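Asker: Sending over a structure as structure tokens; questions will come in a sec.
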Amino acid sequence: AFEEVCLPHMITVGWWIGTMILFTYHKGNFDCNGSAVLRTYLVGLLVVLGLIILSLCAIVYVSAQGTITNPGPRRSIPALVYLRALLYIPELVWASLGALWVSGDSRGCNPATVGAVISAVVASWIILLITGLGVVFVFDPLGDSRHQPPAMEPLGVQDMESNRASQFFSTARSLAVKVWESRLRLLCCCLPQDESQRAAFSSIAQLFSKFFSDTDLVPSDIAAGLALLHQDQDKMERSRDPETIVEHSPSSPIVKDLEVELEKAAHYMQFAAAAYGWPLYIYSNLFTGPCKLCGDCCKSSGADYDIIGGDHLGCHFNSILQTTGLQYRDFVYVSFHNQIYEIPFFVALDHKREAVLVAVRGTLSLKDVLTDLSAECENLPVEGVPGACYAHKGISQAAGYIYKKLVNDGILNQALSIVPEYKLVITGHSLGAGTASVLAILLRTSFPTLQCYAFSPPGGLLSKALADYSKDFVVSVVLGKDLVPRLSIPNMEDLKRRILKIVSNCNKPKYRILIQGLWYELFGGDPNDLPTEMDNRREEVLSQPLLGEESLIIRHSSSYQSLGSDDSPAHTAVHLPLFLPGRVLYITEDGPSPCFSKPRYRADWSDEMAFRSILISPRMLVDHMPDCVLRALNTLISNRPFSLCPSSFNDNQHNVI
């Protein structure tokens with residue numbers, strides 16, 4: 001991983017040129033206090049930077065030789081890395097010397113010279129800090145000890161070696177968990193320390209240490225694998241037969257069902273987007289948003305609703321008003337309180353659809369990210385649901401928090417006492433969608449007519465029993481190649497397995513893979529022009545060493561199937577499989593869109609099993625954005641007529657608009 005740590009230091013080339021220009025401009029003569037120290041500093045800095053540049057050039061050149069699984073030409077990399085590490089000592093000394101001169105001996109010098117030296121000193125300390133953080137976050141706590149018992153040892157000796165190996169890996173796993181906990185504490189040092197945070201750190205650290213413990217892939221290996229996978233997936237997609245479009249009457253019951261659900265989804269998506277407050281509103285309305293909010297943020301409304309925490313200027317609430325079109329009097333409860341497992345939400349009266357609406361905010365803070373990453377399973381028993389009932393731990397905890405607020409604090413009773421004939425609707429996007437779905441399951445027995453609209457929910461959310469149970473009252477909306485609805489631990493294991501397989505079968509140097517992959521992402525092209533796999537490669541290639549004595553697979557885990565199989569490991573992985581909630585309304589682009597024209601979409605009822613594999617695409621994050629989902633829904637309900645095509649996921653025909 002030191003290869004990735006060294007990359008930021010390529011800016012030292014420009015730094016060396018600037019220092020040389022400064023020294024040449026003064027011709028080595030400085031008429032000011034401390035000129036001898038300054039001259040020594042600049043000469044020494046030129047020498048140190050020159051050595052660093054030479055070592056980095058050597059590292060870059062040697063690391064570009066061979067392929068990922070053919071490390072022979074890169075045998076000298078460890079020695080070069082150690083040499084570069086030794087150069088940090090004089091670099092630190094010269095950074096201290098420059099700081100000393102600036103603080104005490106720079107009086108009377110040319111201000112431009114002083115400014116240049118200050119820039120050099122600041123750059124030195126920034127690079128040293130980045131390097132230190134890079135080592136902290138990339139360091140592998142397992143080290144390079146890959147103990148395997150000798151093949152021909154007697155049985156008793158093999159048993160002893162096996163026990164020693166198991167003890168070694170147990171100790172290594174404990175160390176890895178502690179390292180990940182330390183990394184999380186460092187990243188989240190600004191958050192207050194409490195019991196829930198420590199529990200979240202422990203849960204996330206165990207998850208990360210397990211996921212990364214059985215492979216030896218550095219970040220550039222993963223980037224190369226993702227680039228190859230994207231091209232491979234595009235190649236397969238282009239080779240498929242085009243779907244047959246079947247025209248149906250707009251009055252068809254099949255089309256009517258989709259039309260009704262799409263109109264409802266487009267309406268409730270406005271509330272799910274509004275829950276994000278002013279950041280999403282400004283992002284979606286860059287030119288008009290600030291003007292609309294600036295006059296309202298500091299006004300006091302004096303309305304009879306409760307606002308809890310985190311909206312001192314009222315910008316969040318005023319952006320909600322702008323997005324939803326509701327009045328002050330339509331809000332029953334608004335909470336911007338945000339902690340780990342506790343996320344903001346609001347309760348409002350939607351008179352247009354005659355609903356008491358609960359909208360839950362998605363991920364918008366570091367605390368929300370920790371809630372997302374608490375991805376272990378937690379039991380969620382529901383009366384009358386046969387089979388195993390469990391859900392995503394962090395999201396289940398967040399839903400439990402909102403459930404207590406709504407029920408124990410009487411918020412829902414208060415809302416329904418105002419409009420007893422209204423139905424209950426729960427909605428949210430991303431983390432908010434997952435929380436809304438679990439919340440709907442918890443409230444279902446008390447409110448049998450409730451409905452939930454979950455936009456871009458996380459894929460690793462509900463057990464199969466709960467996912468099937470939720471089909472009667474939850475509609476999930478997924479756009480395109482969105483990553484989050486396909487994100488689960490089994491799917492991540494599947495992605496890791498595919499990266500290992502495609503990287504091990506590739507016969508090109510890593511730098512060529514990355515350059516061609518970057519060109520493909522930016523400018524497109526034909527993936528057939530970029531071959532990714534060698535012919536007749538064997539699965540045993542994964543046992544070949546990486547960087548000398550190391551290998552891509554450090555130890556085989558139970559989450560792996562045969563690398564020759566393309567079946568998803570979700571069926572046999574040690575991690576319990578989790579699925580999307582409810583019925584899945586899947587929206588895709590209807591062919592490529594011409595430049596400067598709005599894309600056309602089509603929607604169909606899909607199946608949660610269709611999201612068992614992560615799709616690599618530049619749109620995997622863009623398609624998750626709430627404004628993109630809302631735009632796609634509004635485009636769908638404004639476009640007529642409707643068309644249908646056969647389902648690729650079910651035996652029956654499914655509906656496509």
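Each Cβ is built from the backbone N, Cα and C atoms, and glycine gets one as well.
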Asker: If TrEMBL is the reference, give me the range from 6-25, 266-285 marked as transmembrane segment.
Answerer: 6-25
Asker: Give me the mean pLDDT over the domain 'Fungal lipase-type' (358-489), rounded to a whole number.
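Answerer: Per the prediction, mean pLDDT sits at 94 for the domain 'Fungal lipase-type' (358-489).
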Asker: Going along the chain, which residues at least six beyond the ends of the transmembrane segment (81-102) come within the CB cut-off of under 8 Å?
Answerer: 2-3, 6, 34, 37-38, 40-41, 44-45, 48, 51-52, 55-56, 59, 114, 117-118, 120-121, 124-125, 127-128, 131
